[in-house]
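Some features that Swiss-Prot has for this protein:
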type	residues	note
TRANSMEM	13-33	transmembrane segment
TRANSMEM	84-104	transmembrane segment
TRANSMEM	115-135	transmembrane segment
TRANSMEM	161-181	transmembrane segment
TRANSMEM	190-210	transmembrane segment
TRANSMEM	248-268	transmembrane segment
TRANSMEM	278-298	transmembrane segment
TRANSMEM	309-329	transmembrane segment
């Protein structure tokens, strides 16, 4: 068996198996994310939420997915059908392939490349095309306005996210996620992680992630009171399901990025406890809980407030932080908190 996996076909089988394992993890997580999102929202509103299908309503997401799949796919008469059908697939596939460089433990990653951050940033930047394609191909004013809003919103907050990540790269000396986690490994456990020296950026990254993934209170591209459902107005059945799945997968990806960049990835918060993927998944679940709580509690922003926050507050502050981190890392200020080089030095 070992000889087989050293051959060309064996390596191909191994790669396919690894891809399917990551795909399976993300898809199973998706079921629990939707269920958890609905349960948290219901609890805040003093409702019960899903509670009929399966134990504690756990199979409600499966039932809803089956309902979408068996429904008829309705394409508007004036729509550009090829682009209309391609848009949700683009959104879903791009959200999935970003997971190729996300490690869950030391060595547990599909592609352990040195430019992993650039890869994720490039793929996430392309996700806006799925939304624009869906809005334009629908041949309707509400989807088109929603897609324009989404494009402006995602581009605005990608700039801030990029600058925040640059601060972490300057501290680490690497764009590899495993190296970034290794740089946070210290004798003080939880207090050795990057959340402490980069504390202001943790809050900025979290808020920018909400805007980047079109989550409340920044869900302006699909604001029901203004645009009915934004770029999703004309979609039904499986295409709508793909859009929603892509959105939740992108949210979970942001939870993974926060965990890897600032909260030690798979490292244990207590030094004498073993590290492992359970810590990684647990931290991601915690940040998704925060995403869901913000959705349930915070009212929606106006569009002008959203743009003003991104360009006049987040952008200058994150740019100033990059300069500060570069200066602190170069001269090893604050006890070398900003100069824990994983490579080079």
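Keep in mind that glycine also has a Cβ here, set from the backbone N, Cα and C atoms.
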Stretch of maximal Cβ-Cβ contact with the transmembrane segment (248-268) [cut-off: under 8 Å; candidates 84-104, 115-135, 309-329]: 84-104
Contact ranking winner - 13-33, 84-104, 115-135, 309-329 against the transmembrane segment (161-181), Cβ under 8 Å: 309-329
Listed stretch, out of 84-104, 115-135, 278-298, that has the most CB pairs under 8 angstroms to the transmembrane segment (190-210): 278-298
Intrachain neighbours beyond the transmembrane segment (278-298), with Cβ under 8 angstroms and 6 or more residues off its ends: 33, 36-37, 40-41, 44-45, 104-105, 206, 209-210, 215-217, 251-252, 254-256, 258-259, 263-269
